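Taken verbatim from TrEMBL:
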type: COMPBIAS; residues: 1-20; note: compositional bias 'Basic and acidic residues'
type: REGION; residues: 1-29; note: region 'Disordered'
type: TRANSMEM; residues: 38-58; note: transmembrane segment
type: TRANSMEM; residues: 70-96; note: transmembrane segment
type: TRANSMEM; residues: 158-179; note: transmembrane segment
type: TRANSMEM; residues: 191-209; note: transmembrane segment
type: TRANSMEM; residues: 263-286; note: transmembrane segment
type: TRANSMEM; residues: 312-338; note: transmembrane segment
type: TRANSMEM; residues: 358-377; note: transmembrane segment
type: TRANSMEM; residues: 383-408; note: transmembrane segment
type: TRANSMEM; residues: 420-439; note: transmembrane segment
type: TRANSMEM; residues: 445-466; note: transmembrane segment
Amino acid sequence: MDEGSLRKRRREDKGGEDRQSIQSHEPQTTNLQKQAKLLFPPFGICMIVGTIIGSGIFVSPKSVLANVEAVGPCLTIWAACGVLATLGALCFAELGTMITKSGGEYPYLMEAFGPIPAFLFSWTSLLVTKPSSFAIICLSFAEYASAPFYPGCDPPQAVIKCLAAAAIVVITIVNSLSVKLGSYLQNFLTAAKMIIVTIIIVSGIVLLAQGKTENFKDSFKGSKISVSSISLAFYNGLWAYDGWNQLNYITEELKNPYRNLPLSIIIGIPLVTVCYVLINVSYFTVMTSTELLQSQAVAVTFGDRVLYPASWIVPLFVAFSTIGSANGTCFTAGRLVYVAGREGHMLKVLSYISVKRLTPAPAIMFYGAIAIIYIIPGDIETLINYFSFAVWIFYGLTVLALIVMRFTRKELRRPIKIPILIPVLVTLVSVVLVLAPIVTAPELEYLYCVLFILSGLIVYALFVHFKFKWPQKISKPITMHLQMLLEVVPAEEVDK
């Protein structure tokens, strides 16, 4: 082969590698994917349904009602939130089939805007948003699981926190040991929570058929309709729908993501929407608006009035529901840590993979450890409320990335191409959702949240951009010892 042909061959090989790093006609085969051939549509649907349906719809749907103050607008908001979540998920479906990398928003922000927005997303998500949400879910599980042992009084905080920490440890171990075990647990817990969802929905339909419709008369009477009230109602409703983008965190592990990612979204999120609307219909069949607002745990009140003497199954299945949501959150968020470590934005050891089990064990353990830290404070729900609007900052930025890449990356293959109007609409709504709580109830905590996000710029400059040598000298022996202890190696070595 002459020198000219050799240079041409090298250019073709390099171009092929570059294109394959972003997308290919067949999704990349990663080490995680070798372990995850079972992640086909039923698992994808279970991941979406199981992660979205947590404790929220069973415990506090009154937050939406409190903002609009009437049954009709409340049900409309729940349905509209489902539509918006579906539109957002369709945007993520195009992104996920265009850039077949795990890590959710992270690789899309990296590809569209560069490393800084991607790092700020991982910085905020890994240290605050996701682990604290994981902790809240496990605390909810602990409260329901311990309640039967303390009849007539609230369980001690020490018991709740210890049980929540134990739940985090168990979920972390399960997902570190095996992708299959984590997915089987997710499927089982999703089936369990769908049982209680079905019980509530069927009970409501039976009561409606028997003529209990008085709470739906003049359903729009006395409603409070304003830009601020609707925005805050959407904000609370969409929090209950959070999790619609979870499959994008495990794109590399989905079998044939070009087909199964959008299929799971199209089936899963509308299914959740129908369930949420029908569950709220069942609640209003049994309770008036005033009674629902006064209830501390709406599903428990429903069970006491309808399922007695079998009302004990409500806290049991709500515990199943919350632990299933926590498992799905851990399963996907661990992949974000893994991808960020692989890109050099976190400790390198976090991108290593277990030699025996082919799971991102260090990333999952790191995520679980941070979540346990968030259990220690007395009340972290307030922290979550102030930081939750940061989620929609990055949702909006990610959907904006889809619009930008329509013009800057025209060469990328798009198995799914949604109308441009959809990402434009989702981007505008995300702007409203971010600004609504600040405009309607301005507080310093929102400023603190923004400052925390921006503080990631300092960390990025010191440890990623300039790459000072002293942190590497400290982290190198730590990485080596953790690698031997956990029996993990860089992803490339597993391929050899």
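Here the Cβ of each residue, glycine as well, is placed from N, Cα and C on the backbone.
Those TrEMBL annotations? Automatic predictions, nothing curated.
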For the transmembrane segment (263-286), find every same-chain residue at least 6 residues outside the stretch whose CB is under 8 Å from a CB in it, and list them. 41, 44-45, 47-49, 52-53, 57, 61, 71, 74-75, 78-79, 81-83, 85-86, 89-90, 92-93, 197, 200-201, 203-205, 207-208, 212-213, 215-216, 240-241, 244, 247, 292, 298, 301-302, 305-306
Contact set, same chain, for the transmembrane segment (70-96): CB under 8 Å, 6 or more residues outside the stretch: 61, 64, 108, 215-216, 219-225, 230, 233-234, 237-238, 240-241, 244-245, 247-248, 251, 257, 261-262, 265, 269-270, 272-274, 276-277, 280-281, 284, 289, 395, 398-399, 401-402, 414, 416-418, 422-423, 425-426, 429
With the transmembrane segment (358-377) as the reference, find which of 158-179, 191-209, 312-338 contributes the most Cβ pairs under 8 Å. 158-179
Long-range CB partners for the transmembrane segment (191-209) (under 8 A, at least six residues beyond its ends), listed in sequence order, are 46, 49-50, 53, 58, 275, 278-279, 281-283, 285-286, 299, 302, 306-307, 313-314, 317-318, 320-321, 324
